[in-house]
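*Asks:* Shown below is the structure under consideration.
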Amino acid sequence: MSPVATRAKLHVAMVVFQTGYAGNHVIMRFALNLGVSKLVFPLYRTIIALSVLAPSAYFLEKKERPAMNTSLLIQFFLLGLVGITLNQGFYIFGLDNTSPTFASATENAVPAVSFLMAALLGIEKVELKRRDGIAKVVGTFVSVAGSLVITLYKGPTIYEPSQRIMDQSIVNGGSEGEEENKNWTLGCLCLMGHCLCWSSWIVLQSPLLKKYPARFSFISCSCFFAVIQFFGISAYFERDVESWKILSGGEVYALLYTGLVGSAMVFAIQIYVVERGGPLFVSAYLPLQTLVAAVLATFALGEHFYLGGMIGAILIISGLYLVVMGKSWESQALIIIQKDVLKTDFPEFDLVVANIPYNISSPLVAKLVYGSNTFRTATLLLQKEFSRRLLANPGDSDFNRLAVNVKLLADVKFVMDVSKREFVPPPKVDSSVVMITPKEVKPDVDVREWLAFTRTCFGKKNKTLGSMFRQKKKVMELLSLSEVGITTNASDVVEEEGDNRVLCLDTDASVFKERVIGILKSNGFEDKRPSKLSHGELLRLLSLFNQAAIFFHSLPMDLHDY
């Protein structure tokens, strides 16, 4: 599919997204007019969304979902509390006291508030000497000012519709009575809390997504905990059984729309567009939601337009576009860093496209793969011979320590060969382009121990492991390293003997050698060669050695040790 067609699909997707979510404001207002419980309704809505998202997560991410642990469960619980429970709670109480138009308008502050929080936490960089930094800061303040106008100034009615699509019998009362019962200031404050929770959710989920990149599973887990939280809150405050009943077809329709469209569909489209167009593409369409919500609320519910809301909406939309333009200019900014690439810390980056000096290929690839920066892909022009070694698999004649170390944490893909005749002046060797993509799920292994282990095994990769570890020099070296490893991890390998703590260490080299060979024999590794072993087999062998208090590293390593 051409880039133009792909971009067109993103535009269509965002129009559907914003139209659907604008309808969510109107449908929620309609449901409130029907008298639904403001605590039970979001519980049912989240259950419906979870019933759609959970099966999608199970089937679509079955092979790539990381293992769950206690820390992740706690983080999902907190994100469900902030991003769904409190978020929707503030929203529904705010909407009940304002209107769909204003609820939609205040949500335009979310990108600016998210940027402000990200900047304070150091996630977003702000350069006040550049136009992109100035635009982001000014846009944030303008958007916040718009939110304050909506909150503190209602103003006169500037437009009052003469009729509504949903008649009086459907909405249980006239428009004038509804307006009199609204606490505008309380409603706006709740909507500000809604925006703050939504912004916090966006900012706080960013670091968690790096550790748990399965997005559908991420959302499903958050929804699951939100269901539990909503149920607890509703069970405590809503003691009237009637509040838990669905009494009309209108309530059923409202639940289905808000659950399937307002939650499940919106999440799915947002993930699709963010992955392909980026967050700025999503943010740029937020003002469309305000316009659609205003039109729908006017004709469907007979809502009034107020001067304060109009002024605030204009300020919020203006501030939003300043932030969006600032992000756009930031992405276009060129920053030149003239330093030794192996000695300097990398700034944050997403993509690498480079023609690097061939003499630093190995340490630079190691720095990219084993460094602290999280990136999407690195496309590199390398010496052809080096790229072949990097691409080699177990059993290939070129399979080596470089390939086994890099492919532990990343996938390497061949792109194309480049002849030396393509350069002027031509170099002495041919080149190849490869693409390195970090793996989403990385093995749980001590990196220094792994690198020292592969250095030992691949020193003579075609010898059997049995003959390699029978060499006296190798045994003495390993014994010395294991002494250091045991001393460092003494709490794990000590025994009590009266009042004395005695290290479980074989000081006799022959006994130590028998222990090493015994591990190889009993697990079928004695006659195997390192160049034929897969990552899984190498990781298992290292684990067996470590469990027997046999260690391979003692000192910190530099890039040239990779």
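Heads up, the Cβ atoms here are built off N, Cα and C, so glycines get one too.
Predicted automatically and left uncurated, TrEMBL annotations should be read as such.
Per TrEMBL, the features are:
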- 12-31: transmembrane segment (TRANSMEM)
- 43-60: transmembrane segment (TRANSMEM)
- 72-93: transmembrane segment (TRANSMEM)
- 105-123: transmembrane segment (TRANSMEM)
- 135-153: transmembrane segment (TRANSMEM)
- 184-204: transmembrane segment (TRANSMEM)
- 216-237: transmembrane segment (TRANSMEM)
- 252-273: transmembrane segment (TRANSMEM)
- 280-299: transmembrane segment (TRANSMEM)
- 292-440: domain 'Ribosomal RNA adenine methylase transferase N-terminal' (DOMAIN)
- 305-324: transmembrane segment (TRANSMEM)
- ILE336, ASP340, ASN355: S-adenosyl-L-methionine binding site (BINDING)
*Asks:* Give the mean pLDDT for the domain 'Ribosomal RNA adenine methylase transferase N-terminal' (292-440) on the 0 to 100 scale.
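*Replies:* A mean pLDDT of 83 is what the predicted model shows over the domain 'Ribosomal RNA adenine methylase transferase N-terminal' (292-440).
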*Asks:* Counting only CB pairs under 8 A, let me know which of 72-93, 105-123, 184-204, 216-237 has the most with the transmembrane segment (252-273).
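*Replies:* Ranked by Cβ pairs under 8 Å, first place goes to 216-237.
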*Asks:* Counting only residues 6 or more past its boundaries, what in the same chain has a CB within less than 8 Å of a CB in the transmembrane segment (184-204)?
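*Replies:* For the transmembrane segment (184-204), the list is 78-79, 82-84, 86-88, 90-91, 93-98, 102-103, 106-107, 109-110, 113-114, 117-118, 121, 123, 147, 150-152, 154.
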*Asks:* Please report, as numbers and ranges, the same-chain residues at least 6 past the borders of the transmembrane segment (72-93) whose CB is under 8 Å from any CB of it.
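*Replies:* Cβ under 8 Å, 6 or more out: 28, 32, 38-39, 41-42, 45-46, 103, 186-187, 190-191, 193-194, 197-198, 200-201, 204-205, 208, 211-212, 218, 221-226, 229-230, 233.
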*Asks:* List, by number or range, the same-chain residues at least 6 past the transmembrane segment (105-123) whose CB is under 8 A from its CB atoms?
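*Replies:* The answer is 94, 136, 139-140, 143-144, 146-147, 150, 188, 191-192, 194-196, 198-200, 202-203, 206, 283, 286-287, 289-290, 309, 312-313, 316-317, 319-320, 323-324.
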*Asks:* How many other Cβ atoms sit within 10 Å of the Cβ of ILE336 (S-adenosyl-L-methionine binding site)?
*Replies:* 4
*Asks:* What does the DSSP secondary structure composition of the domain 'Ribosomal RNA adenine methylase transferase N-terminal' (292-440) look like, as residue counts for helix, strand and coil?
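*Replies:* Going through the domain 'Ribosomal RNA adenine methylase transferase N-terminal' (292-440) residue by residue, I get 69 helix, 31 strand, 49 coil.
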*Asks:* If you pair up every Cα among ILE336, ASP340, ASN355, the residues annotated as binding S-adenosyl-L-methionine, what's the maximum separation in angstrom, rounded to an integer?
*Replies:* 16
*Asks:* With a 10 Å radius around each C-beta, find which of these binding-site residues (ASP340, ASN355) has the fewest other C-beta atoms nearby.
*Replies:* ASP340
